[in-house]
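**Q** According to Swiss-Prot, the protein carries these features:
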CARBOHYD  ASN27  N-linked glycosylation site
CARBOHYD  ASN184  N-linked glycosylation site
CARBOHYD  ASN332  N-linked glycosylation site
CARBOHYD  ASN364  N-linked glycosylation site
CARBOHYD  ASN406  N-linked glycosylation site
CARBOHYD  ASN425  N-linked glycosylation site
CARBOHYD  ASN631  N-linked glycosylation site
REGION    106-112  region 'Involved in fusion and/or binding to host membrane'
REGION    191-198  region 'Involved in fusion and/or binding to host membrane'
REGION    676-729  region 'Hydrophobic membrane proximal region'
REGION    683-729  region 'Hydrophobic membrane proximal region'
MOTIF     850-853  motif 'Internalization motif'
TOPO_DOM  22-731  topological domain 'Virion surface'
Amino acid sequence: MHYFRRNCIFFLIVILYGTNSSPSTQNVTSREVVSSVQLSEEESTFYLCPPPVGSTVIRLEPPRKCPEPRKATEWGEGIAILFKENISPYKFKVTLYYKNIIQTTTWTGTTYRQITNRYTDRTPVSIEEITDLIDGKGRCSSKARYLRNNVYVEAFDRDAGEKQVLLKPSKFNTPESRAWHTTNETYTVWGSPWIYRTGTSVNCIVEEMDARSVFPYSYFAMANGDIANISPFYGLSPPEAAAEPMGYPQDNFKQLDSYFSMDLDKRRKASLPVKRNFLITSHFTVGWDWAPKTTRVCSMTKWKEVTEMLRATVNGRYRFMARELSATFISNTTEFDPNRIILGQCIKREAEAAIEQIFRTKYNDSHVKVGHVQYFLALGGFIVAYQPVLSKSLAHMYLRELMRDNRTDEMLDLVNNKHAIYKKNATSLSRLRRDIRNAPNRKITLDDTTAIKSTSSVQFAMLQFLYDHIQTHINDMFSRIATAWCELQNRELVLWHEGIKINPSATASATLGRRVAAKMLGDVAAVSSCTAIDAESVTLQNSMRVITSTNTCYSRPLVLFSYGENQGNIQGQLGENNELLPTLEAVEPCSANHRRYFLFGSGYALFENYNFVKMVDAADIQIASTFVELNLTLLEDREILPLSVYTKEELRDVGVLDYAEVARRNQLHELKFYDINKVIEVDTNYAFMNGLAELFNGMGQVGQAIGKVVVGAAGAIVSTISGVSAFMSNPFGALAIGLIIIAGLVAAFLAYRYVNKLKSNPMKALYPMTTEVLKAQATRELHGEESDDLERTSIDERKLEEAREMIKYMALVSAEERHEKKLRRKRRGTTAVLSDHLAKMRIKNSNPKYDKLPTTYSDSEDDAV
């Protein structure tokens, strides 16, 4: 009864929860509520496993034979010299001869000077002048003769005659670059005003500088930027020198044997003769000492000296590993002949000398050389000169074995180093003999016109070294792991035999890699494949109790699932790992305080007292791991060092022109050969007076006398004009002149206004105060106002009338004068003048004479005032 009440309460709680949670879930059963916790089809898959009947049986594999661990690669030791392509240019000294011609056209004004044109050109110096004057006397001619526009033209320094000028050092000489020249001034002629003049300057310049040429040495460039299209090794003899390229007519080239050049600083001839080349171009002549090509240049150059080089054979190719460089170089096993490289004559000489030096300082007491120096062409265009070495203790062991076997010839070969013994396996001497006998005699040959090109970076070699290091470590590690794994599997096979007896289905599923059901049939197991069931067709039931019994319960939860299409629901039990059991055989006696977790999909279904409680997330359950960690040995630390094939200096020096040096020389050219800080003051007035004096001096004594007068007057005029010009050029003088002009304009404007005022109203202009008083009095009288007694008594009527008469006569006199002036201008003869005079007399007699006013006033007048 207690069990029944508890189930009823559980069902009521589930139904009430479903009713309150959603109004649309009314009238649902408890089975449907439990079904709502089922999985979607994406979350998990269930399997239906039929019972095995023995149609398919399996057995466990017997133990395997485990492989042996991998043997490490054996390396031989030796000394190696690495060669790379020589990209540096061939440098040599040249002497440049040329004459710098500057023609300057000037224009002289009255107060200024201008350079209207400046023409500059370089002309070559003849070979005869070089041999006779420059290297013979340390001098150079002031005359320049050159070809322009198919015509020979001549130029003379300072427009004077030809002369031999001493060569003097320039102001900026260095041990690498020296120069000499004949003058440091640019000749400039300033003529008289309004005249063009032209002056010519010829500066003979000798420059000693560096020149460069790169492979294939068909031309060379000089430090100043000039380029000569001729090989520096060209010559008339020997025949190989005459075969060098030359891009000029043969007449422009000359080679002199036993030539003694002069040191222009010490003024002494050289003590040793040389074979001297001279080349004439359109703008310069260049000379240099000839030398054989094979003794001066080499297409390869020494890059690195490796004191400890390891060599091994991997996949039919040599691996040269240099730990100190962190690089590995790969080559064929056939030797390479460096004599076949064009201009590669230096490889053997430098390699043998460097190897001998390293062996003498480091290996002489502990090792012996084995065979001769071997040469190999490595990937990337590098030559590896390799000298195998062998420790003395190991060599003594070989000698004792040879002496014991009475093999005298081989012993002598080893002692005399006639064979290159390479120790691939040091376990037996027969292997060494076989290596010597089977060593290939073929050598790689190149065409005579072939040159080796080296890469500019050895990152590939460093990566190869890193790869070989990692490959060796990983391969050894995997070899040991494979052996240990095989042995572990053989030992665990016993556990598998025992496990399949305890749980055949789980063991068979683990070994076959798929879900199967199994049972033991003696020494073999019968299996049957499981079928996947969709998660949507699987429903978990809420009770694990057997309905027909009160004390029997199911040990696994009950489920309903459907299998296939148009199939009804099948009731079964939930097995392990989402396995569906189509039977109800898993039962147990009911126990108190029952609590179980069963895997259902990706989560766990919790049952308490054989009733479903809730779904528990798998993440909420702690994991007990059975995985055994594999602790492997880590790689040892290996630093990748930066390694450059070519340095910055080599890359910067790869071209024939150093543009920084060319730009620097061009900027210093004027400073080296011309004094640009010297200032020459030119007086154009003196030139003008000197020209006039020379003109009159050519006319004899009379001309000289006239010239003195004219030159004196002209000098005064020029001095006056120069003074005025100097005053005007002064800013204060110009300001004063401007102020004076402005003041004059203002004064002229005021005078013009006064004259116009005098013409229009003379009395107002002459007597402004009197006219103002009279105007005011007339205004008051016009308006009927009476003046004060003072004003009325201050004016004498008689005097006023006399003043009026005086003004009238003054006007008549002025009119008469104007009339006379007009008559004289018209020049009409004496009749007009006489008639005018008679008119004056009539006017004069008709009017009373003007009486002068008394100077004193009478008493009556004073009383009136």
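Placed from the backbone N, Cα and C atoms, the Cβ positions cover glycine too.
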**Q** What is the total of other Cβ atoms whose distance to the Cβ of ASN364 (N-linked glycosylation site) is within 10 Å?
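**A** Total other Cβ atoms inside 10 Å, all chains included: 10.
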**Q** Could you tell me what the rest of the chain brings near the region 'Involved in fusion and/or binding to host membrane' (106-112), counting residues at least six beyond its ends with Cβ under 8 Å?
**A** 188-199, 684, 687, 725
**Q** Please report how many Å separate the Cα atom of ASN184 (N-linked glycosylation site) from that of ASN332 (N-linked glycosylation site), as a whole number.
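**A** Rounded to the nearest whole number, the Cα-Cα distance is 65 Å.
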**Q** On the DSSP side of things, how many residues of the region 'Involved in fusion and/or binding to host membrane' (106-112) fall into helix, strand and coil, could you say?
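**A** Helix (H, G, I), strand (E, B), coil: 0 helix, 3 strand, 4 coil.
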**Q** For ASN332 (N-linked glycosylation site), just give me the three-state DSSP call.
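**A** DSSP assigns ASN332 (N-linked glycosylation site) to coil.
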**Q** Please list the DSSP helix, strand and coil residue counts for the region 'Involved in fusion and/or binding to host membrane' (191-198).
**A** 0 helix, 4 strand, 4 coil
**Q** Express the distance between the Cα positions of ASN364 (N-linked glycosylation site) and ASN332 (N-linked glycosylation site) as a whole number of Å.
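**A** Answer for this pair: 29 Å between alpha carbons.
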